[in-house]
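Below is one structure; the comments refer to it alone.
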C-alpha cells in the first residue's frame, strides 16, 4: 500500500513494532518529530485496518489508530523502503496483544491464562504469496519469545488457519466462543521433570526453524485420551493417583474388627471360637445349678 509520505523519514527497520503511543519502538526525536510521526502512523493504521476488514468481509475495521491508542496491543508493520520510487510501501501488518482467557483443555478442565492473541493479520493483496507473511509472523514470534501453538486466535479467518497449518503444522483446534487455541497450548502445564527446564518450554533462536520445532516439540497427543482395555482414559482424572486408605477401606477394616472377638487369632476360626464360647456358657450354668 502506497502513501503520500516517505516511510524512511520515521521508520528505521523493515519490520517495526508500533505501540499504543503510535510510535515505532526505535523512534528517537523531539516533540515535533513525534507529532509528525504519530500523524503518519495513524494514517497507515486506519488505511491498513480498512483494507484488512475488507479482505475478511468484516462490517467494520478491527484495527485503527484510535483503537490502538486505547489499548495495550502492538502492531508489527512490514514495509519495503525501495518501492514506490523510494517513498516505500507498506506490505503488511500483524496486531497482537495479551488477554485474560478462560480456556478449556481436551478433558473439559478450565484454566485461566493471560495469553498472547493474534488480533489482526493482513498482507496487502499485491504482496501476498511472496513469503512476506511468513517473514512478518516469524519476526513477531522471535520478538515475543513464543511458539505458534502457545498463542490464541481471536476469530481467525480461514486464510489465517490455512497459513498456520501450512507453515507451522497447526491443525488440531480446540474451539471456544470467540477464539480458538491449538493442541500444544497447554504444554506449559507439564511438570519440570517431564520438560526438564523448570516447566518452561525452550524458545528458539533467530536462526531456528519454527515449522520444524512445532512439529517435533508438540506431536499430536490425541491417542493419549483414548480409553484403555478397561474402558478408562489414561488422560485426566482417570490417570490421577488414588490413595489406598480410602473411606471404604477404613469402614471395611473397622467392620471386620467389630465382628471379630478380641482374642481371635489366625489359628482359630470364628465358628470354632463361637462353639467354645457357647460350651463355656453351658458349663457355667450347670455349675451354678
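Just so you know, glycine gets a Cβ as well, placed from its N, Cα and C.
Automated prediction, rather than curation, is the source of TrEMBL annotations.
Features of the protein shown, as given by TrEMBL:
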- 121-134, 157-166: acetyl-CoA binding site (BINDING)
- 1-187: domain 'N-acetyltransferase' (DOMAIN)
- 56: site 'Crucial for catalytic activity' (SITE)
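Across the structure, residue 56 (site 'Crucial for catalytic activity') and residue 158 (acetyl-CoA binding site) place their CA atoms 9 angstrom apart. Candidate binding-site residues: 161, 164. Fewest other C-beta atoms within 10 angstroms, 161. By neighbour count, meaning other C-beta atoms within 10 Å, the densest spot among the binding-site residues 121, 124 is 121. Confidence in the domain 'N-acetyltransferase' (1-187), given as mean pLDDT, stands at 94. Most other Cβ atoms within 10 A: among the recorded positions 56, 130, that distinction falls to 56.
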